[in-house]
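Worksheet: one structure, shown below.
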Amino acid sequence: MFLHSVNLWNLAFYVFMVFLATLGLWDVFFGFEENKCSMSYMFEYPEYQKIELPKKLAKRYPAYELYLYGEGSYAEEHKILPLTGIPVLFLPGNAGSYKQVRSIGSIALRKAEDIDFKYHFDFFSVNFNEELVALYGGSLQKQTKFVHECIKTILKLYKGQEFAPKSVAIIGHSMGGLVARALLTLKNFKHDLINLLITQATPHVAPVMPLDRFITDFYTTVNNYWILNARHINLTTLSVAGGFRDYQVRSGLTFLPKLSHHTSALSVVSSAVPKTWVSTDHLSIVWCKQLQLTTVRAFFDLIDADTKQITQNSKKKLSVLNHHFIRHPSKHFEENPAIISDLTGTSMWVPVKVSKWTYVAYNESEKIYFTFPLENHRKIYTHVYCQSTILQGVDLSWKAELLPTIKYLTLRLQDYPSLSHLVVYVPSVHGSKFVVDCEFFKKEKRYIQLPVTHLFSFGLSSRKVVLNTNGLYYNLELLNFGQIYQAFKINVVSKCSAVKEEITSIYRLHIPWSYEDSLTIAQAPSSTEISLKLHIAQPENDTHVALFKMYTSSDCRYEVTVKTSFSQILGQVVRFHGGALPAYVVSNILLAYRGQLYSLFSTGCCLEYATMLDKEAKPYKVDPFVIIIKFLLGYKWFKELWDVLLLPELDAVILTSQSMCFPLISLILFLFGTCTAYWSGLLSSASVRLLSSLWLALKRPSELPKDIKMISPDLPFLTIVLIIVSWTTCGALAILLSYLYYVFKVVHLQASLTTFKNSQPVNPKHSRRSEKKSNHHKDSSIHHLRLSANDAEDSLRMHSTVINLLTWIVLLSMPSLIYWLKNLRYYFKLNPDPCKPLAFILIPTMAILGNTYTVSIKSSKLLKTTSQFPLPLAVGVIAFGSAHLYRLPCFVFIPLLLHALCNFM
């Protein structure tokens, strides 16, 4: 019956939207590189020593614990406290385990063994009982206070030692990183208790899914504090994102705010980290060997030799993090590197006068200096480029940069007007073969402009560049590429002359306004396809151009083709705006609900949900109002009026401030919302029919109620019991039980109607005439109206829509219920409870609606007003609920409450 009410064109549209959504979801969940992280292994059995906490603290936080990580002899030695190392505290994230510390803890232990324990780190980890803090924010403040107490407890373990630490370093995974930042907001917290903060896949900007107000309030408090007190915060902070493999926390959320006066914060994507160069998913970022090795190297370079603790010098800390996580010169870190080299000695000196030069060395027995006179080259060329395939030994100065198979150096000649020669030093290397290449070039011949294709070309057109010269290095400037809704595929075809050895090329996407570079290694000749898309949009004042850097071979020719990738654009829509879809689905259902209420008021019958969805769910009924409000908020007088009325900030304004505006994004999401609303309506209708069939199979057939009673004898008792359940345990539990009661009533009605139709077929026309006639004479005792088959069908249509709305309320309240069930052994009552106020209103409303039939409300004086409310509420859902999902139930219960009141007015 549900499908019969939809014409074929609409059905084709819904199927097409499912296809588009599938393309976008596939790109998000599967359209990324394979996991190239190496697994980190323990060499000895890992042990977690529980640290005894003060009794008052353990009683206040019964679900939380503090552990010290160790292996083998180290673990045995440190069972006898106090400790002598450098403390590092690991904070797990949403549903994270304290045992996730083992990867970095084990690697740091091996590193300490290599230097005979001259320095070593003690890794502590907090057990948060794997709480779902990304879904329920009520425990975030509690976690923050517990971490504060843990820090004080940890520092006491070093009391009396010669080099006792006064602060700890913190590594926070996911929401653990946000908890670490929140420490600074505590009233009695001393900022100097933390000397370094490294966060891994932490959503700093905003919550991934804002499912309750406690999460958003926590974010607002933390971010506002860091912004307002940026001048006084001297905490060196590094945020590492996982890249496109991490579909749980998109990398754009992990970038710390860039403040001109706060230079102690760095944000980088793991694919851009030197010696890592891989994208990590949300869990592998804590065990990815390449990334953990980089982190441990940074930790050991941060040690102050005098204090044997992490340095307090902010400049040095930032230099170390830049060295290991941003730009690695393929040298060990030096705080004050020598910029003048002594070139005296008996080494061989070889002058080189050509503009392009290659040196292949194997088993060199003596040092060689190659000198390039610059006087003549300055007249013809602007830059010099050198690269070496041996990553250690060949000195290309501190300005060099490390890549997976080479290290390279590019110098602009005019920056060194006083230099007479460029010297390349090749040491004696036994048993190793390597190649050193150098060339002088003009910038305009190696910097080539490549405009990207238009967004709406859908991959039908392309742009091509052919690199015919035999250079070693090219920069393709990707013009007009700077928005997150853009996505492209670059295809690089390399054709090489006859060569015996394997040739390696490196292709690097360089984004100058954020550290989100990605590298691709290809063997030539080959055809390589590379995805181009952004985590962070280009800032408005930024004039830089995204670059596609090619480290090539002089024996090959390259063709580069770029075209729009429609599937990846859909992936970006899902990645950046998929979380707002529930708001658009609810908005569509509200519009269909409005149509049903109005048809009941105007014609006396309730039309099918699918029919009303097709008729009423139109974008022009919602989007123009949001656009107009956003436009008016640009005027000072309207903004002041808005603030006087205490209205919350428009969600569209928030998205604009986060550079998340796609063209026509609201229209796209509305269409996806219409599609989802249709299929969810089909699912709810089919579920009711299936459950009613099961009911008839298990119970004897029931009959339609002879008399309609709004309030049955057991209804007040049931309502009171559910309210008590909400007050004493969890509001979401009471909402779920009320929802199940409502579904049971609807299933029972469906079963009764099926039985009635099978036993007593009625004449539909006669039934409708009788129904219309009864509408002209309102019965003064409406609670004793008889229910016909047509009335039952109308009621089921209305109930199906209400179930659809209530299902979304239940889904949005589930996280707090899951959290409560998980912590039931510690706390019988959820506190704070985001669903409790809603439960108090929704429980009696659902109880009354469960006994509501269209025949009892079609003559209500309140019905016309009720039918007008869903439209402005549908606008409100988009305006205030797309970035704050916890507000959706507030917009939904209002028309449901008015619907219930129609029984009495």
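Each Cβ is built from the backbone N, Cα and C atoms, and glycine gets one as well.
Curation does not apply to TrEMBL; its annotations are automatic.
Taken from TrEMBL, the feature transmembrane segment covers 12-32 (among others). Within the chain, the transmembrane segment (12-32) has long-range Cβ neighbours (under 8 A, six or more residues past its boundaries) at 6, 243-245, 247, 279, 531, 566-568, 570-575, 578, 671-672, 674-675, 678-679.
Per TrEMBL, the feature domain 'GPI inositol-deacylase PGAP1-like alpha/beta' maps to 83-301.
Annotation source TrEMBL lists domain 'GPI inositol-deacylase transmembrane' at 580-904.
Beyond its flanks by at least six residues, the transmembrane segment (650-672) meets 17, 20-21, 205-206, 252, 455, 484-485, 536-537, 539, 572-573, 576-577, 580-581, 584, 587-588, 619, 622-623, 626-627, 629-630, 633, 878-884 of its own chain at Cβ-Cβ distances under 8 Å. As annotated by TrEMBL, transmembrane segment applies to 650-672 (among others).
Within the chain carrying the transmembrane segment (718-742), a Cβ under 8 angstroms from the stretch's Cβ atoms is held by residues 802-803, 806-807, 809-810, 813-814, 816-817, 820, 828-830, 833-840, 842-844, 846-847, 849-850, all 6 or more beyond its ends. Per TrEMBL, the feature transmembrane segment maps to 718-742 (among others).
Feature annotation from TrEMBL assigns region 'Disordered' to 758-782.
Sequence annotations record features per position, and here TrEMBL assigns compositional bias 'Basic residues' to 765-776.
The transmembrane segment annotation in TrEMBL covers 802-821 (among others).
For 837-857 (among others), the entry in TrEMBL reads transmembrane segment.
When Cβ-Cβ distances below 8 Å are used as the criterion, the transmembrane segment (869-898) is approached by residues 206, 209-213, 216, 579-580, 582-584, 586-588, 590-591, 593-594, 597, 621-623, 625-626, 629, 648, 650-652, 654-655, 666, 669, 802, 805-806, 808-809, 812-813, 834, 838, 841-842, 845-846, 849, 862 of the same chain, each at least six residues removed from its ends. Sequence annotations record features per position, and here TrEMBL assigns transmembrane segment to 869-898 (among others).
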Query: In the same chain, who gets a Cβ under 8 Å from the transmembrane segment (837-857) while lying at least 6 residues past its ends?
result: 600, 605-606, 708-712, 715, 718-719, 722-723, 726, 731-732, 734-735, 738-739, 741-742, 745-746, 771, 774, 782-783, 785, 787-788, 791-792, 794-795, 798-799, 802, 806, 809, 813, 863, 889-890, 893, 896-897, 899-900, 902-903
